[in-house]
Every structure is written in C-alpha cells, then in structure tokens.
Amino acid sequence: MDLSISSPFRGAFPAPTSTFILNPKSRCSHSLNFFKHQNSYSKNPFFSRQKIPIRAQVSDPAVDDGFVIDDVPHLTDFLPDLPSYPNPLQNSQAYAIVKQTFVRPEDVVAQKIVVQKDSSRGVHFRRAGPREKVYFKSEEVRACIVTCGGLCPGINTVIREIVCGLNYMYGVDDILGIQGGYRGFYSKNTSTLTPKVVNDIHKRGGTFLLTSRGGHDTQKIVDNIQDRGINQVYIIGGDGTQRGASRIYEEVEKRGLKVAVAGIPKTIDNDIAVIDKSFGFDTAVEEAQRAINAAHVEVESVENGIGIVKLMGRYSGFIAMFATLASRDVDCCLIPESPFYLEGKGGLFEFIEERLKENGHIVIVAAEGAGQEYLAQSMQGIDEKDASGNRLLLDVGLWLTQNIKDHFTKERKMAINMKYIDPTYMIRAIPSNASDNIYCTLLAQSAVHGAMAGYTGFTVGPVNSRHAYIPISNVTETQNTVKLTDRMWARLLASTNQPSFLNCDESTGGKVCKDTIDLINNMKITSI
C-alpha cells in the first residue's frame, strides 16, 4: 500500500512497508488532522478521528519504520463546522510564476536528518507555507502582534514582515500592535499597524512595540482578545513567552473562540529547542567579533595583557562558542555547560600563565552563565529573580577579572595588564544583519500562512533548513544547550588548544573517563 507520504527519506528506503504514527506526546496529536483539512479521509481510509495513535495496515504489519507526525492544533479541532475559503494567493501576481504555490498536505519535515539504513525515521513536523484553503476571510481578520522579554536583533523585522505579509499577500487591513508586552493587552492602548507605519522599523534595533517581562494573566489577556474582536494573535518571545502563548491557546480553545495563536520564538542565546537556530543569533555572533577584536588589540599592545570578554548566554554558551570559533583570536572559552576550575594542575590559572609565557597575552571569552557555582560559593549572592522568573546572575566577568588579578599580582608576583569588556547591551540592541533579516522574513511569512490556514497553538522555525509548524510544547519543555560530547565543542577545544577542565584517563589515551561523560550527558542546566 502506498501511503503517499512525501519526506526527505523518500527513495532512500524500500517503499511503503511503513507505519504512520501520530505522536502521543503532543497534546494535539490525537486530532489526527494530517489530511483532514484537505478532505482526504475518504481517500485515506487508514486515518480516523479516534483519540488514539493510528497505525496504517500494510502488507507486512510486523515492519515498523517509526514514522511519527508531531502535529499542531487546528481551529476545526474544536470548531468542526468552520467553513474554508480559497486562498487569495492563487490570484497573486507574485506567485503567478511559482511552480508550486501551495504546500502539499502530505509534506513534512524530518526532525532527525542523519539516519542509518535500518533506523527509525523518527519525528516529523508539518511543513510551513501557504495552503490551498484558508479559514479566514481577509476582511474579517483582526490581527494583533505583541513582543515580550529581552531585546534581540531582528524583532522589528519580524513585526514588519507580519504586517506586510498579512496586507500584501492576504489583503488584511486591520492589524493592531500591543504595546509593552503581555500586560499591554489589558493595561495599555494599542496602535494601528500598516505597511506604511512599519516601513522603516527593520533598520532600527529594539522593538517598535515596546516590551516587558512578566505581566502574563491568561484570563485578562483572552478577555481583551475577545472584547476587541481579535482573531489572530502573533506572539514574539522566548521560551517563557511561548509558554504564555500556549496557555492563551488553551483558554481560547476552552472558550471555543475562532482565534489563531501563532508563536515566533525569540532568544538571542539560541537556546530554543528543536529549531536550527533562533533569529538574531547570527547578528549577535557577528557583533561579538568587534568586542573580541578590541580585547585582542588591547592585550597584544601591552606586556602580559589579559583580556576578558563577557558575552550573553545564561544557560547556553552558543554565542560564546561560535564567536570564539569565528574569531581565531580567543585563547579560552568558558560556557555554562562546561565546568572549570581556577587553581591546581590543568586549571585556568595555570593555562593563563603558560599562554602569557608563550605569547605575551591572552584573550578569554566567558558566557554570562559560566562559573556561577564558583561565584555562589565565593560571593554572597542574593537570590533575586527578574519579572520573567529568571535568576539574576552574578557578574562572572568582574569575578574572573578580580580573581585573576589577585592570583598573579599577589601570589605569582607578576605584573599583568587586565582589560575587561562587556558588550552585552551593545550586541542585543543593534539591527539585524542581512542573514537574520532574510530569516525573520521567512519566520513572519510562515506564521501568517499558518494562522490564515487555521492552525493555532503552534510556533514556527527551521528544522533541518526547512520551515515547519511545531507544537509550542516541543520548544518549551527543554532548553537547547551546547553538547560537550558533540564534535562542535571538540572543534573549539582544538582551535583554542585550551584545557577541557575534565578528568582524563591516561590509560585510554587521554579519553575522558566514563563517569564524567555520564555526568555531562545527564547534566541539567538549571536556574542556579
């Protein structure tokens, strides 16, 4: 039986002795709407609307290649009689020459791209893009956009492209901007957004709509959405913001409202799970080079120069790692995922002294969340949190600077020149670069296509370079962190030639002992 499932693996495996499974982990997987919105149940009898995982009966039922669809909710899941309409894009001049205007209903994106011949095909997500049918008439749409949390390059580009996408592609004129984050729904006035109003905002950093942390009150927000007649909500923010978006969707579903809730994941730290990377990350890495280059110029111009650059990364060291790899001027990179120690053989002090003797200078990059265990022990930190519930971290840059200075001047009796640079707010406040601008455009348009097609409770992002609709729970249940057992971290260690600060077993050629590897693999980055 041909299941007619198009996937990146088609042709790589023997045809369709496969089993189709809807992921029971997803709260919306039981809806089994993979083909529903294309009226395909009659054509595909192996699908049903039972609230259990479905298996297709094939010629060899013993064969199971583990093909799983982790689907997103649709408005018709709780509004089954909702009418659909032809997509206006079919008459668009912009798409007139496009070979395939609409995404096929069976198109999915594989979460795991590297597989072996006999391995499971694993989890797949619904591919993002315009659908042949939409569930909103253009003149009936009242959309709103809100930005929450910290700043990040590219926010204004996403806002601009949501507005322009709704207007140019779907003819939507009624678009509201929610001022000041979640609390703006019930405590501030809204602004009217048009292509003319947002025309130049992508050239500026920050957020045109203002932002704030916290302030999420689901009942008040949904009351406001209902009172204002809003039926499409676009929410730009990090994992905490996306959890809030999920609660808004759940309340909307509970009330039976025809409101599509779409999330656009934002975090400069690149710690959003599932997606390839978050917008603004490329810009942050590029801008971090300026700070690293400045530190390098400073320390190589003096005797025994030690430069410390603190970069963003509360619990994930991606900016520090990629900036280090791109720079080639960094001698040591410290990230939250990799414990380090200062004193003793193989410690940071010993490494600094070796580099000073060898090169006369050293540049150290530290993510803001690195070494917080040491800081907590040596400094009396106050257990404070911001409005989003994030622990306020101690300044690892200043702590490192002081400890290194004390060690070399007081204990080693060495004259050193310390240079400390913290470019955090300079990096996150700049406009996005060309790469991120393009990426933000794709994110915004994917969100618009999804909402118009009736999907809700979803977030968008690239998975293996193909944009997909992902259940919000998938990107909020865990954080993306640097895996010390992967090759990318090994590439960094090879590039900087810094110590790994891990216990090695000399009997196995310097390999890290198994207990240490198990500890790293099971390590959870928490809000310490």
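Quick reminder: no glycine exception, Cβ is built from N, Cα and C everywhere.
Per TrEMBL, these features apply:
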type	residues	note
DOMAIN	143-449	domain 'Phosphofructokinase'
BINDING	Gly150, Arg213, Gly214, Gly238, Asp239, Gly240, Thr241	ATP binding site
BINDING	Asp239	Mg(2+) binding site
SITE	Gly240	site 'Important for substrate specificity'
BINDING	Thr267, Ile268, Asp269, Met312, Gly313, Arg314, Glu368, Tyr425, Met426, Ile427, Arg428	substrate binding site
ACT_SITE	Asp269	active site, proton acceptor
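Features recorded in TrEMBL, as mapped to the structure shown.
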residue: Gly150; record: ATP binding site; contacts (Cβ under 8 Å, 6+ apart): Thr211, Arg213, Gly238, Ile268, Arg428
residue: Asp239; record: ATP binding site; contacts (Cβ under 8 Å, 6+ apart): Pro265, Thr267, Asp271, Ile272, Val475, Thr476, Gln479
residue: Thr241; record: ATP binding site; contacts (Cβ under 8 Å, 6+ apart): Cys148, Gly149, Tyr182, Ile235, Gly263, Lys266
residue: Asp269; record: substrate binding site; contacts (Cβ under 8 Å, 6+ apart): Ser278, Met312, Gly313, Arg314, Tyr315, Ser316, Phe318, Ile319
residue: Glu368; record: substrate binding site; contacts (Cβ under 8 Å, 6+ apart): Lys310, Leu311, Met312, Gly313, Arg314, Leu393, Asp395, Val396, Gly397, Thr424
residue: Met426; record: substrate binding site; contacts (Cβ under 8 Å, 6+ apart): Glu287, Ala291
Original post:
Quick one: mean pLDDT on the domain 'Phosphofructokinase' (143-449)?
Top reply: 94
Original post:
Around Gly240 (ATP binding site), how many other C-beta atoms are within 10 angstroms of its C-beta?
Top reply: 19
Original post:
What's the most sparsely packed of the binding-site residues Gly214, Gly313, counting other C-beta atoms within 10 A?
Top reply: Gly214
**OP:** Mind computing the max CA-CA distance among Thr267, Ile268, Asp269, Met312, Gly313, Arg314, Glu368, Tyr425, Met426, Ile427, Arg428, which the record assigns to substrate binding, rounded to whole Å?
**Re:** 17
Original post:
Quick one: largest C-alpha distance among Gly150, Arg213, Gly214, Gly238, Asp239, Gly240, Thr241, binding ATP per the record, in angstrom?
Top reply: 12
Original post:
Just how many other Cβ atoms lie inside 10 Å of the Cβ on Gly238 (ATP binding site)?
Top reply: 24
